[in-house]
Amino acid sequence: MAAKSDGTAVSLQNDIPPTCLPGLEKRSPQWRPVGKEYSLLDCCWTLCALLVFFSDGASDLWLAADYYLRRDYWWFALTLVFIIIPSVVVQVLSFRWFAYDYSDANGSGTAAAAMVAASNAESHFSTKDSDQRGAGRSAAVTGSRSSAESCCRASVWLFQSVVHVLQLAQVWRYVHALYLGVQSRWRGDHEHKHFYWRTMFENADISMLRLLETFLKSAPQLVLQLSIMVQTGQVLPLQGLSASASLVSLGWMMASYQKALRDSRDDKLPMSYKAVVVSMLWHLFTVGARAMAFALFVSIFQLYFGIFIVAHWCAMTFWIIRGETDFCMSKWEEIIYNMMVGIVYIFCWFSVREGPTRCRLLLYSLIILGENVALTAVWYIYRSQRSADFYAVVVVCVVACSYALGTFFMFVYYCLLHPDGPVSGAYIGCCDVQVGAVSDPCVSSPTSAPPPLDAVSSPPRTLQRTKGGESVPGGDVGEVFKMRTLKASRTAAPRLTPRTEGPVIRIDLPRKQYPAWDAHFIDRRLRKTILVLEAASPVTPRIQYRCLGTLKEVMEYETTV
């Protein structure tokens, strides 16, 4: 079966022994461990994430009920709106993902099983006639589906419907991720890798959903409650609890998202939990200062605040779109994603492009600092006469100190705790990388047999054109990758023997660059097919994306585009 995803072909083939590029076989001393296991810290992190989610939601609902009992109907309505609308949006998106993942699961599984059987029986697998093979086997199993299985599937649909109606999709996904992680610890070698892979997928889903929810619910809720405190001149216990829970949720999810993203990429070193905590403090203090500046300004100029937010969002979205991000599988999804990231940029920094971020981060930090100073200064000048000078000075100092602390933790993170750059792509591509680490080999062994011509059934959709300064010689491919030898002598680490047995899942797409998720994390058709292939294969397969560095790829691009 050639499982397609927007023109993407997925095939299962016997592995071709890859060869590392000359001069790149030396790995970093802090190389990424292969086959990372689900640890006790991962379990505790998931449990703490559940606690943060419950505290944020429960405090908001409790505060809304308190507003209603106090007959502050306007505050009650606004608080309730920022609870219900974001939650409904997240539930709809989560249920849509579930519906796609669970629908026609047996058909996909049977087709993939037929594909694995065919690939084991032959020396290599061709994708030309795989659709017919998968379709025939799928029809046979569909016709023999028992009534008990149909009843079980109906029960699962009913259970998921009830969970999403009750607005508990995030809780279910956290619990499911916890279950999969524990199972990966208890199962055997092959099942361990399968469950760990599913845990990574579930963590990716819950990170995306919770990040969306925090900036649609927690961020507006934080600004709303702080502005109410400034206007009324008093802080109710429930207001402080709700604002604190929203702020912690924002900082938590920014750090948690980055950790989940780095854990999913084998070309990046994972974040330690020390780095995660410092990153959370960085975002907590910077977002807190930003929200406080917003609350001060909106307490006096509501209309101008709305104009300012819209203008800032438009400018940030245009900046992101101009950067040509590559997160999604289609153009319109990419535009919607850029618009959502524009909302995140209202409050804090969010990396969306590969490469050094120092200049972009410095520019963004200066813009945010200038806006915070301007908003706070305008409030200080035009504040109500009821506000004492001492109170006003204390508030201004709180905003300044919070932003300074956030900047301090940002420097601590980047100077001391940030992962030390990317893992050598050549090392990962040519060494034994198993489930949980996605391989990206670019060069096969010159002595090995070339892959079958029908291994990829469609040309690549998004290949970068050769730059004007780059030339592709017509000679040996090895000359293209001729490396300059380093003068400084280094002690080479022992080179691991590449694993030459077992299947490889080849995806006809160039691999997305960090900080984007890999295609098999965001494209659910790819994900579902890969999971079934991995479960049906007796040997854990590896993933290989289309490489853009070979002469064959460049020639194929020039002749097809």
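Glycine is treated like the rest: Cβ placed from N, Cα and C.
In TrEMBL this protein carries:
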REGION    446-474  region 'Disordered'
TRANSMEM  74-93  transmembrane segment
TRANSMEM  275-296  transmembrane segment
TRANSMEM  303-323  transmembrane segment
TRANSMEM  335-352  transmembrane segment
TRANSMEM  361-382  transmembrane segment
TRANSMEM  388-416  transmembrane segment
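Among the recorded stretches 74-93, 275-296, 303-323, 361-382, the one sharing the largest number of Cβ pairs closer than 8 Å with the transmembrane segment (388-416) is 275-296. When Cβ-Cβ distances below 8 Å are used as the criterion, the transmembrane segment (335-352) is approached by residues 211-212, 215-216, 219, 250, 254, 283, 286-287, 290-291, 309, 312-314, 316-317, 319-321, 323, 325, 327-328, 361, 364-365, 515 of the same chain, each at least six residues removed from its ends. Counting residues 6+ beyond its ends, the transmembrane segment (303-323) has Cβ neighbours under 8 Å at 294, 297, 335, 338-339, 341-343, 345-346, 352-353, 371, 375 in the same chain.
Cβ atoms under 8 Å from those of the transmembrane segment (74-93) belong to residues 57, 60-61, 63-64, 67-68, 164-165, 167, 169-170, 209, 212-213, 216-217, 220-221, 224-225, 228 of the same chain, restricted to positions at least 6 beyond its ends.
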